[in-house]
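Trainee: Got a structure for you, questions after.
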Amino acid sequence: MSITPQEALQRCIEHRELFHDEMTDMMRLIMSGEMAPELVAGLLVALRTKKETVGEIAAAAQVMREFATSVHIDDRSHLVDVVGTGGDGAHTFNISTAAMFVAAAAGAKIAKHGNRSVSSKSGSADVLEALGANLALSAEQVAKCISTVGAGFMFAPNHHPAMKNVVPIRKQLGVRTIFNILGPLTNPADAKRILMGVFHADLVGIQARVLQALGMEHALVVYGRDGLDEISLEGPTLVGELKDGVVREYEIHPKDFGLHTAPTNSFKVANAEESKRIVLDVIDNKPSAASDIVCLNAGATLYVAGIAPDIASGIAKAKAAIASGAARQKLDAFVAASQSN
């Protein structure tokens, strides 16, 4: 081993970075359950206190992928994930989940990776269950769903069994750790394209560079200036774009795409049932600000997936997919496929 857990802890306390092989060794000990819980807790807090680096996050993500149950997709063209870190405290309806079906209806192949609610009122898994989907699918069944329907959902606990060694420690700590930002980086289908929302402006550049280190093809990391971990309709959104191996950061605004602004708190829900109702209203072509924010995020997904040349074109395709009824058909096909497996 390159370093002991105690040495790694001391290094972090001194605000010194762990090298790639050192972080890899520590993460393998954590994921295998071989590191004492007290040391795991200490190391996670020390990493957070000194601020995790791009190299440390990338190494940790690679190890999580090693321990994950993979989903093998043969035709990987236009394969994309649309996901948020969560933890933004906005308690909105499931924007990225609605965008998943709209983007799939417009030609993207969605490999969505998500979980139940941690800090929100409704996680992606919660609203998909409310919509009638079966989440208890094997990796092979998810792969079939993605191949036949064009959209699949990988329920994180089904694909990351080693997380059982970490969950009790995270719950006891009750503070954010590196694991709060690892989920979106560890897609079991190894999608090389992603629209990722984050809970803090500082993470935009960091996560974009982590995705660069992980060999992603095209990524948009977004943070609404209002605090939303999606592209916001309230005002500007900070974007970190990875394309052709280069990261650049910029801002976008709803007005750039001819959309009216709307306050994020107008999208708040109390539970998964409320989220389901809004998702269905959007999918069923009821014009609203909710529909606009879904089309905005679906449009960005289509851009990242390589279906649209830019976000504006993606939004037009998203609106057309809803108006034609294709998005509703995609949702119904997804639910039926999940239940037939």
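Using N, Cα and C of the backbone, Cβ positions are placed for all residues, glycine too.
Pulled these from Swiss-Prot:
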BINDING   G84, 87-88, T92, 94-97, 112-120, S124  5-phospho-alpha-D-ribose 1-diphosphate binding site
BINDING   G84, N115  anthranilate 1 binding site
BINDING   S96, E230  Mg(2+) 1 binding site
BINDING   R170  anthranilate 2 binding site
BINDING   D229, E230  Mg(2+) 2 binding site
Trainee: Check H113 (5-phospho-alpha-D-ribose 1-diphosphate binding site) against DSSP and tell me helix, strand or coil, would you?
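Mentor: In three-state terms, H113 (5-phospho-alpha-D-ribose 1-diphosphate binding site) counts as strand.
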Trainee: Taking the Cβ of N115 (anthranilate 1 binding site) as centre, how many other Cβ atoms lie within 10 Å?
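Mentor: Taking all protein chains shown, N115 (anthranilate 1 binding site) has 19 Cβ neighbours within 10 Å.
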Trainee: Hey, what's the Cβ neighbour count for the residue listed as 'anthranilate 2 binding site' at 10 Å?
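Mentor: Total other Cβ atoms inside 10 Å, all chains included: 18.
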Trainee: If one measures from the C-alpha of D229 (Mg(2+) 2 binding site) to the C-alpha of H113 (5-phospho-alpha-D-ribose 1-diphosphate binding site), what distance in angstrom results, rounded to a whole number?
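Mentor: Cα-Cα, rounded: 15 Å.
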Trainee: For E230 (Mg(2+) 1 binding site), just give me the three-state DSSP call.
Mentor: coil
Trainee: I want to check the contact list for E230 (Mg(2+) 1 binding site): same chain, sequence separation of six or more, C-beta distance under 8 angstroms. What comes out?
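Mentor: Sequence-distant Cβ neighbours: G84, T92, I95, S96, G197, V222, G224, I293, N297.
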Trainee: State the Cα to Cα distance, in Å, between R170 (anthranilate 2 binding site) and H113 (5-phospho-alpha-D-ribose 1-diphosphate binding site), rounded to an integer.
Mentor: 20
